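Chemist: What TrEMBL lists as transmembrane segment is 7-31, 84-105, 117-137, 174-192, 204-225, 237-260, 287-308, 341-365. Annotation comment: TrEMBL describes 80-365 as domain 'ABC transmembrane type-1'.
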Amino acid sequence: MKWLRNLDSLVAVLTLLPSVILLAIFVYGFIGQTIQTSLTNWGKDPAQALAINPVLQFVGLENYKELFSGFIHGRFRQDLVNNIFFTVFFVGGCLLVGLSLAIILDRGPKGEGFFRTVFLFPMSLSFIVTGTIWRWMLQPAGGVNQLPAAVGLPEGRFAWLTSRQQVLQFDWNHLPLFTAWLIGLILLWIGISALRNAQVRRGWIAVGSAALLIGWAIFIGPRVQLLPFPEIHGFNLAFIGIIIAAIWQMSGYTMALYLAGLRGVPEELREAARVDGASEVQLYRRIILPMLAPITLSAMIILGHISLKIFDLIWAMTGVDNAPTEVPALLMYVTTFRSNIIADGAAIATILLLLVALVIVPYLYSQLRSEVRR
């Protein structure tokens, strides 16, 4: 009956309405307030920073411009570089270690249940606990540096959490050029793959976008200068210990995902490949790993989201005053609650939000399209 259907719809709306209102106010409302604050000069005048009713001026995108090209904001740029390197090595390490452990367990070794529990246990810990444990282990005069002495070798002297040595250095002025080349090549690969799968419209859009970016990188990019002076950034070796700790905690998660995927591969498919003469390496490389591509993508999205907003692990391992291991989330805390420059802190928070959205939104969009097609 029509009135019963209308009643069911009304009940559904009334049930969801409180959650929607709370979400709109305490999530999206505060996001909007943060973005609005980032467009003002709140905190630039010390007299107004902690005022009950501060007098604010609208400055537009000036705070963002200063963060990326201002003379005094080199710290933010290095922190952003730190976060990018951390994301690449953390995500790659988790995928590699997790896949290796999953392949080993998939072969059914003795004590599989015990080892699966051991590998998953670190994931149950908080980043604060993990950071505290690994901070003790990576002390310069103890822990890991003492291991060589156990076999008669000299003690290690590496400053795991305080090293200021950098590798993979580059000039910040070249960042637009690198970014254009990277995104252009990725779009080119996506476009070629789409054309091979008969997705003509999507393929040509990707190829056209790639051509524009690569053309810009060739003809215009070399002349673009973000700063009037060279500014060298790179990967701080002090991040190695933090990356190891993060991989130790989260590789069990990727192991569980990959193991579930491996157990879902039909045994008949494996046997058919072996009958056709495929070795174990060929079996995994040409059949099983391509079937695990959706799992890899899901893991990359989740791990990338975690790495971009990492805060508590670094807080526990090195604190907030160790510049070589600082990331934008820590700088946002220091800028907002120590320096009381609220506008700059809000701008950093907004940039982090955009970075996370760039990782998550395309994935959610593709998942939604897949659901609609079904």
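Placed from the backbone N, Cα and C atoms, the Cβ positions cover glycine too.
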Chemist: Would you mind listing the long-range same-chain contacts of the transmembrane segment (341-365), meaning Cβ under 8 Å and 6+ residues beyond its ends?
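Modeler: Same-chain contacts beyond the ends: 31, 34-35, 37-44, 49, 59, 63-64, 66-67, 76, 80, 297-298, 301, 304-305, 308-309, 328-329, 331-333, 335.
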Chemist: Under a Cβ pair cut-off of under 8 Å, which of the recorded stretches 7-31, 84-105, 287-308 contacts the transmembrane segment (237-260) most often?
Modeler: 84-105
